[in-house]
Amino acid sequence: MISLTDSQKIGMGLTGFGVFFLFFGMILFFDKALLAMGNILFVAGLSFVIGLERTFRFFFQKHKIKATGFFLGGVLVVLIGWPVVGMVLEIYGFFLLFRGFFPVVVGFIRRIPILGSLLNLPGISGPS
């Protein structure tokens, strides 16, 4: 089992609440307040989990500047009050930032009993 420090546990909670508020804000037709709260909690939770310095280094790597601009620009646009435009920018930036992690996530999901068999179906698993 992975041992977490107290600040990492707090970060996991903040990140979880951030994702919940983002999801709930989108379900409630892009509610500005919920999306703004979700954005703040997600970024704060991420910095608690991996540390402030590593968060800064992750977002401001030379090859990720465009993705960071879209993601943080989307957060700013949501905070200003245009939630739909902001979420589109954020989602695009999120996919650019975390595209290196998606193959790892898919590999992990393939090892889960029911989900793994669904991902190995023809047409989903990729070209044969």
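Backbone N, Cα and C define each Cβ position, glycine as well.
Looking at the stretches 65-85, 86-106, the one that TrEMBL records under the feature transmembrane segment is 65-85.
Sequence-distant contacts of the transmembrane segment (65-85) (same chain, six or more residues past either end, CB-CB distance under 8 Å): 25, 30-32, 35-36, 39, 43, 59, 91-94, 96-97.
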